[in-house]
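Student: I have a structure I would like to understand better, so I am pasting it below and will then ask my questions one at a time.
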Amino acid sequence: TANGQVVYSIAEETERGASVGNIAKDLGIDAATLSARKFRMIAGSSKQYFNINASTGALSVIEPIDREQLCELKSACLLNYELVLENPLELYRIEFKVLDINDNSPSFPLSEYHINVPEFLSPGARFTLPNAQDLDEGTNSVQNYTLSPDERFHLEMQTRGDGSKYPELVLKKALDREQQATHRLILTAKDGGDPPKSGDVPVIVTVLDTNDNAPEFEHSVYRASILENSPSGTLVVRVHATDLDEGPNGEVRYSFSNTTSADLQQMFLIHPHSGEVTVNGVLAVQRPLLEMLIEAKDNGAFGMSSTAKLLVEITDVNNHGPEITITSLSSPIPEDAVPGTVIALLSIMDKDPGENGKVTCQIPDNLPFQLKPSLENYYSLITSGLLDRELISGYNVTITATDLGSPPITTQKTLWVLISDVNDNPPVFSADTFDVFVEENNPLGAFLYQVSASDPDMGENGRVSYMLRNSTVAGSALASLLSVSLANGSIYAKCAFDFEQLKSFFFQVEAKDNGSPPLSAAITVNVYISDQNDNAPAILYPTSQNGSVAVEVVPRLADEDYLVTKVVADDEDSAQNAWLSYHLAHSSDSTLFRLSSHSGELRTTRSMRSTDFLKHKVVVVVRDHGDPPLSSTVTVGILLADTLPQALPDFDDSGDPPPLLNTTNIYLIVSLACVSCIF
């Protein structure tokens, strides 16, 4: 123990529970305070090998240590721990030195070793022997080698440049393979332990022969039969040749002779060691019998060889499907093609002979086509029903060809047959009639409506143009009232409509396609002209002549609610544009007259008085309910008199006071004067 560090030495493989020392005593710590000071021993490795008794401080083994597993080939095997104490905080370092014991025997990497020695080598030839391995260190590792006694071999130790030693096998006497082909020796390695341990390994010395025999086949000619559809890897035949020599001189390798054609060498594969001939790929040949030469050659320095013939008979199978070729195709075909029209000419072939090459053909039953046999191996695809491009614009025709082999092989080919359009559909409007509403006084060229017709045909056959059918409206030609766009069917007004003159009319628009011959359809368009407030009310009564004021005479003693006059007016417009209301715009005496807004009646609001003016002027406004409203005015002169005067007074001024001498007063004065003269 020094400077807070203690080092223990312990032999590997020490059993569990064995005492190592007393950490409290060695470090000078009171063992009774270990628990109170919360001691902890922190291991430097992931595995805990030692334990400290909290009461006594005794250090013991809890897991045996395998030095070779823990430190492998290190010369020094150390385990580091730290002991931590609190109150006060102290840190001690503990180091365990694991000592090696002789617990491993020398061993060789392989279970046996083989050495090949040519029989022509002279004595003194050397052969390196394997080194043994011992996981122990120092004197417990390998120290020396021994060889089992043999009159032809002995063992010598050699030293490398780094000082390491290795064993060598030295030939003492020339070998003769014919006398003894192999020699079995035992190489033993010993360590320096006490007691020592050892390990041995057999060393097999094989005497190599000189190449003086050529391989010989069992048969000079081999025969085999395979199916032409045999998959890759199928065994054709197994050839075999023997060589009396030993070692490489007696090892035989098989291959195809150079005289065998290259295509056959690609179709077949021969295993160089077993002599198995297998199929390699597809047997793409038309010959029923194939001939190949196989060569057997040994592995000697100067290889010797021999050949044998292989005859392979190819048995035909149904391995070719029908081939469908389109020699002629007419697409598209018109939709009005009559049944029996030829669409395509097909060639269907099968390379297999006999029944395997006979073919039947068919197409789906739900198509308006059928296959008709033509020349040998030729078929015609013809129409068998009516076609309608608007329903189906094209057909996928799948042709199925099946041969009569066992099992049969089926081939399919799909044709896309397009149907071309003919002009067999007239334009169609979405409705029988259209209603158009337009306000009167429309501007010239105003857009009224757009009619649209569809044509399911294609191209020019489906391109629709529009025109007006000749007719008259209210005595005028339709063309003077309307125009229609040839391309899109837009209808425009060529004049301004007047509701008061023409309230509604109808006409026909014709839609015609560009086919040959063209097809057409017509539709009736009803035009309803809606009213605008373009007419002011016309006052029918009372009327004025030559710009004079209309005069109404009212008795001098008229009572309240006396009907002075009734204003009568008319409006040529309709609906609310013709709804009239009456209003007093001006009255010389606002307390004397009132006007009914609905009937136009002008009545007195009270009885007449002697103080009332003799002349009154009333301005009546007649207004419609249009937007904006229009109005007319009429001026009515009202004369208060019991009889109609010979001459009507001037109503330009309605505010004159009543005269002092009116007609009645004059009559009274004249009468009084006459009576006075008589008296």
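Glycine too: its Cβ is placed from the backbone N, Cα and C atoms.
Since we're looking at a predicted model, the values are computed, not measured.
Pulled these from TrEMBL:
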- 9-108: domain 'Cadherin' (DOMAIN)
- 109-217: domain 'Cadherin' (DOMAIN)
- 218-324: domain 'Cadherin' (DOMAIN)
- 325-429: domain 'Cadherin' (DOMAIN)
- 430-539: domain 'Cadherin' (DOMAIN)
- 564-651: domain 'Cadherin' (DOMAIN)
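Could you place these features in context, so I can see how deep they sit and what lies close by?
Tutor: In the predicted structure, the domain 'Cadherin' (9-108) carries a mean pLDDT of 83.
Remark: secondary structure over the domain 'Cadherin' (564-651) totals 4 helix, 41 strand, 43 coil, with classes taken from DSSP.
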Student: Count the CB pairs under 8 A between the domain 'Cadherin' (564-651) and each of 9-108, 218-324, 325-429, 430-539, then give me the winner.
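Tutor: Answer is 430-539, with the largest number of Cβ pairs below 8 Å.
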Student: What is the three-state DSSP composition of the domain 'Cadherin' (9-108), stated as helix, strand and coil residue counts?
Tutor: 13 helix, 37 strand, 50 coil
